[in-house]
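Asker: Let me give you the structure first, and then I'll get to my questions.
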């Protein structure tokens, strides 16, 4: 992947940053692509760094992801809840599966989506092979994960658990407006221009 470089003029001359490092200076973290352990470690490190730098300022987490590994996503979510800084979440493009959990786990009142964003909620996906007992263990783990994720959705959206169970039975795509009505986000951002 080609990462753009930004040149910044300072009193000491020019300084080149990769775009993600420059955004980090403004307390912006980009979560894009599949959520896995490597991505989670990077996002967690950035959250911890920004919180240690100044825990009175918000951190903006921009999300464009098809989802990914549940344990990796939950590690990011736990860190978002652990740090003192408020974490504002913004869906750009797609916030699917585990990414939708991260979107709705932002600080209440600071969960946003851009107008053409799509949010996908569904039950956890998984597969197993091997001996029957191993398959049963994996199936039980998926059921535990589903219960945990539904509880998170219940707590962050205010929707009844039985509605969430029904709504996540199959892929459930929501527009930004539908995600707002559901309680996954608080507002739809149209533009940042000041009047």
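Note: Cβ is positioned from N, Cα and C throughout, glycine not excepted.
Bear in mind that the values here come from a model prediction, so they are computed numbers and not experimental data.
Checked Swiss-Prot, it gives:
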type	residues	note
ACT_SITE	97	active site, nucleophile
ACT_SITE	122	active site
Asker: Quick one: pull the CA-CA distance for residue 97 (active site, nucleophile) versus residue 122 (active site), whole Å only.
Answerer: 6
Asker: If we count other C-beta atoms within 10 Å, could you say which of the active-site residues 97, 122 has the fewest?
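Answerer: Sparsest of the active-site residues 97, 122 by Cβ contacts within 10 Å: 122.
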